[in-house]
Amino acid sequence: MDRIRIRGGAPLHGLIPISGAKNAALPLMIASLLTEDTLELGNVPRLADISSLLRIMSNFGVDHSIAGRRPGQSTETGQTIRLTARNVIDTTAPYELVSTMRASFWVIAPLVARFGHAKVSMPGGCAIGTRPVDLLIMALAKLGAAIEIEAGYVVATAPKGLRGAEIDFPKVTVGGTHVALMAATLAQGTTVIRNAAREPEVVDLAECLIKMGAKIQGAGSSEIVVEGVTSLHGASHDVMPDRIETGTYAMAVAMTGGDLVLDNTRADYLQAALDVLGQAGAEVTSTHGGIRIRRNGNGLMPVDVTTDPFPGFPTDLQAQFMALMTRANGTSRIRETIFENRFMHVQELARLGAQIRLDGDSAYVDGVPGLKGAPVMATDLRASVSLVIAGLVADGETTINRVYHLDRGFEALEAKLARCGALIERVRG
Ligand code: EPU
């Protein structure tokens, strides 16, 4: 298994191009199941999760092609993928495939909406908690799907098609909103989704669905109204920039000091996190196509944060921010309200010398003057990258094992950081 080796202490200077968002690309690819025409997606990141979803879609009979590289494109400029779900031969997603990536459960929505039948394995637990799918099933049931649970599979049927409905989510769920939105586009009549997730990825999906002929209003607010249509058609859409990748590199330069331009991204996608970085002592400014982050000389101030649905501070940046706070001049409290068990990085950060106490949903981080390199590993993507951030300032060498977690969600991580001065390399093994 590959490892990442880092020698800490080098500041970051330069420009990092931000990739297309994994968490937007995945639902967009799934939306191709809603039409027999071709959906062309640009700016798709080269990530293991994208390849896994392509495998799952191929299993249904979806054809795909990946456009060859054009002059001026590097491996870090996103790829263009065309997906055509004309001859869907199977509407079953087996456990072996769904268990590798939870988001693949969302295929249940377009499959039942377009074909009247879907059988999708329950995803099961994952490293960041129990993560149930009850609200996704509730949304489909409201839309008139008959739901049965059989031997670990959710079987959804609607032989006469789905019907518009009022869906009130008791808590904000990104996946639930994606599922309700996709299913409602082909339902007969009007659907109102209340307490909808307002994440930019929901807006990106809605914009693509609108290009495909869907009638959607209110995406980005907590009430989305969908007027069902009888069919959708092909479209071409570019995946939005990855706000979590943006925030991760912003935290990396806040940690090491230096001056980084994050290109091809948008500050308004992560304003809450940028505000917190400002309070911690980084200087954040907007550039023509992105964001510039600097920290020169001054130390890091402790800042308390609570994770929240968008526009709050994202849970997907909580581990990275905790890594940053390990070096602050004082104690910060980091409260995780989205997932109940998303603190696996704490033990590994401790191996590097961090002082962190856990109490219920909160972590209290006492800043220390220095971290020391060590071998570490993590069990999820964001936790792994928090160890990279810590490794960038730790004395000596940090080796991060289980790099496949990073490859699921960070395109060319070590190349992007190395070009900006980090002493980081991948060790094949
Ligand atoms: N929840 C339920 N029942 C449900 C669905 C969700 O109780 O049926 C709960 C979850 O257990 C959690 C909360 O609702 O406590 C929010 O979960 P949500 O459904 O919003 O999460 P998700 O759609 O499964 C997506 C991202 C996650 C990100 C969360 C929160 C993708 C592919 N995944 O997950 O990203 O943390 O939203 O913003 O979009 C990651 O990229 O590392 C990652 C985990």
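For all residues, glycine too, the Cβ spot is worked out from N, Cα and C.
Since we're looking at a predicted model, the values are computed, not measured.
Binding of UDP-N-acetyl-alpha-D-glucosamine is attributed by TrEMBL to R131, P132, V133, D134, L135, D316, I338, and the same site annotation extends, among R86, R102, R163, R292, to R102. A simple Cβ count within 10 Å picks out one of the binding-site residues L135, I338 as the most packed, and that one is I338. In this structure, of the binding-site residues D134, D316, the smallest number of CB atoms within 10 A of the CB marks D134. Here the CA atom of K22 (phosphoenolpyruvate binding site) lies 22 Å from the CA atom of L135 (UDP-N-acetyl-alpha-D-glucosamine binding site). With all protein chains in the displayed structure included, the most crowded Cβ environment within 10 Å among the binding-site residues K22, R102, R131 is that of K22.
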